[in-house]
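Asks: Quick one: the structure is below, and I'll ask about it shortly.
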Amino acid sequence: MTKDDAVPVAVAPAKRPPINKYAFGCALLASMNSVLLGYDISVMSGAQIFMKEDLKITDTQIEILAGVINIYSLFGSLAAGMTSDWLGRRYTMVLAAAIFFTGALLMGLAPNYAFLMAGRFVAGIGVGYALMIAPVYTAEVAPTSARGFLTSFPEVFNNSGILLGYVSNFAFARLPVHLSWRAMFLVGAVPPIFLGIAVLAMPESPRWLVMRGRIEDARRVLLKTSDSPDEAEDRLLDIKKAVGIPEDASDGEDVVAIVRANKASQGEGVWKELLLNPTRPVRRMLVAGLGLMFIQQATGVDCVVMYSPRVFERAGIKSKTNSLGASMAVGVCKTFFIPIATLLLDRVGRRPLLLASGGGMAIFLFTLATSLLMMDRRPEGEAKALGAISIAAMLSFVASFASGLGPVAWVYTSEIYPVRLRAQAAAIGTGLNRLMSGATTMSFLSLSSAITIAGSFYLYASIAAAGWVFMYFFLPETKGKSLEDTVKLFGKDTDDDDDVDTSRHERKRSTELSAQH
């Protein structure tokens, strides 16, 4: 044995590959629908003040109008799952932009409350479509090395839209009452025109292409969106295996094989497999995914976004203009802290961000509730100080949400399901998310009247604390896993083919050894 044979050669750790520019561009375009989503939700925060005065509507009607968009979006998210499997991910995004455009026009031109409700319904369908499709498409296009970073883009743009909604509130607040709120809604009709056209320049999802037997088209997309040709072939092999195509089938035979594959890969029987007769791994995925979506909204974040002027008023800011200006701080805070999660997702992982975020949210909600409760029991001088603490706690809560649970929940739930179930499972999760958002926003004013605003935030703090426990025990780490490997974290499916995995990893190992020599 030679000296060289006896001493192992130190191998330098692999460098993180640079961001794939083509995948980055696709994620960017796909996520821009989320700007409209955030805008439609937050613009109501200021518009309701002028709408109430102009149309002479009650607080109860405002509460319903503000929150019902989330209930309506439930139908959009469920429809988006079927549409994305039928038309494809790309054309579903075009449809979402068209729906947003129609909803903005209806709301901006509404002559009465009933017409406003109709516009809110259409906008809600668009919200459901955008919430479901953008993370799914981005996760399916992104390379493994940057999937967390790119899949967090929808939440980044969502929060940018929220900020723009607040800016619109502030910008149009000085117009006559009957024009101000209409201008706020009509501005939202402009971006969908450009977004709908821009999305057509994107490629279709490679997983959808494989599910339709278009193997060569999928290979071309994967070669453009992967870090290397070897990774592209590995991803293609994983997708083919997931939808039931034999590994050794030639491209000509693939089109025939896809038709004979499991009916679930064509969207048939998926609901039965998800809800009526799920396997143990699928059941665990649903518990993790649906639980995370429930926690994200049950902690009341949309109430803070939607009713921030009222919370600021309760904290001592009485002027309408000052209240709307302070509300912009909520949008700035969310937009500023989102990049923290975006940059750390593929470095520290999903679990650390979720746990840090959930813990911070519970603490700051408790602080907010306590300071609001104490304001009524202290003299004016101390009440001002407590008001400042309330505002700081509310902004800190928003920052905690934006730097973790906000974006990471969408990333996590877009990557844990197998390809045959992903669109519909994501649609169910999005539907639950919107249902909870609607339930909290439509009940916030009534709940605050019944148990006070402080009591409402104590309730949300308790949910956040329970959510932290759930995330700690039920959510495995998915960082660095391919979409097909991620599902194995929840247990091994009976359909898994160890031989395919072995051959893939042997090929990858062979490539790494060749590179070292």
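Cβ coordinates come from backbone N, Cα and C, glycine included.
Because the structure is a prediction, the values reported are computed rather than measured.
So TrEMBL has the following annotated:
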{"type": "DOMAIN", "residues": "26-479", "note": "domain 'Major facilitator superfamily (MFS) profile'"}
{"type": "REGION", "residues": "490-517", "note": "region 'Disordered'"}
{"type": "TRANSMEM", "residues": "22-41", "note": "transmembrane segment"}
{"type": "TRANSMEM", "residues": "62-79", "note": "transmembrane segment"}
{"type": "TRANSMEM", "residues": "91-109", "note": "transmembrane segment"}
{"type": "TRANSMEM", "residues": "121-139", "note": "transmembrane segment"}
{"type": "TRANSMEM", "residues": "179-202", "note": "transmembrane segment"}
{"type": "TRANSMEM", "residues": "285-307", "note": "transmembrane segment"}
{"type": "TRANSMEM", "residues": "327-345", "note": "transmembrane segment"}
{"type": "TRANSMEM", "residues": "352-374", "note": "transmembrane segment"}
{"type": "TRANSMEM", "residues": "386-412", "note": "transmembrane segment"}
{"type": "TRANSMEM", "residues": "432-451", "note": "transmembrane segment"}
{"type": "TRANSMEM", "residues": "457-475", "note": "transmembrane segment"}
Asks: Of the stretches 22-41, 62-79, 91-109, 121-139, 327-345, which racks up the most C-beta pairs under 8 Å with the transmembrane segment (179-202)?
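Replies: When the Cβ pairs under 8 Å are tallied, 91-109 comes out ahead.
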Asks: I need to check the long-range neighbours of the transmembrane segment (327-345): which residues 6 or more away from its ends have a CB within less than 8 Å of a CB in the stretch?
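Replies: That would be 42, 45-46, 148-149, 152-153, 155-156, 159-160, 162-167, 169-170, 304-305, 308-309, 312, 353, 357, 394-395, 398-399, 401-404, 406-408, 411, 479.
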Asks: So, taking each listed stretch (91-109, 121-139, 285-307, 386-412, 457-475) in turn and counting its Cβ pairs to the transmembrane segment (22-41) that are under 8 angstroms, which one gives the highest count?
Replies: 121-139
Asks: Under a Cβ pair cut-off of under 8 Å, which of the recorded stretches 62-79, 91-109, 285-307, 386-412, 457-475 contacts the transmembrane segment (121-139) most often?
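Replies: Answer is 62-79, with the largest number of Cβ pairs below 8 Å.
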Asks: Ranking 91-109, 352-374, 386-412, 457-475 by the number of C-beta pairs under 8 Å to the transmembrane segment (285-307), which range is first?
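Replies: Top-ranked stretch among 91-109, 352-374, 386-412, 457-475: 457-475.
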Asks: List, by number or range, the same-chain residues at least 6 past the transmembrane segment (91-109) whose CB is under 8 A from its CB atoms?
Replies: 30, 33, 36, 40, 76, 80, 83-84, 115-116, 118-126, 129-130, 133-134, 137, 182-189, 192-193, 195-196, 199-200, 202
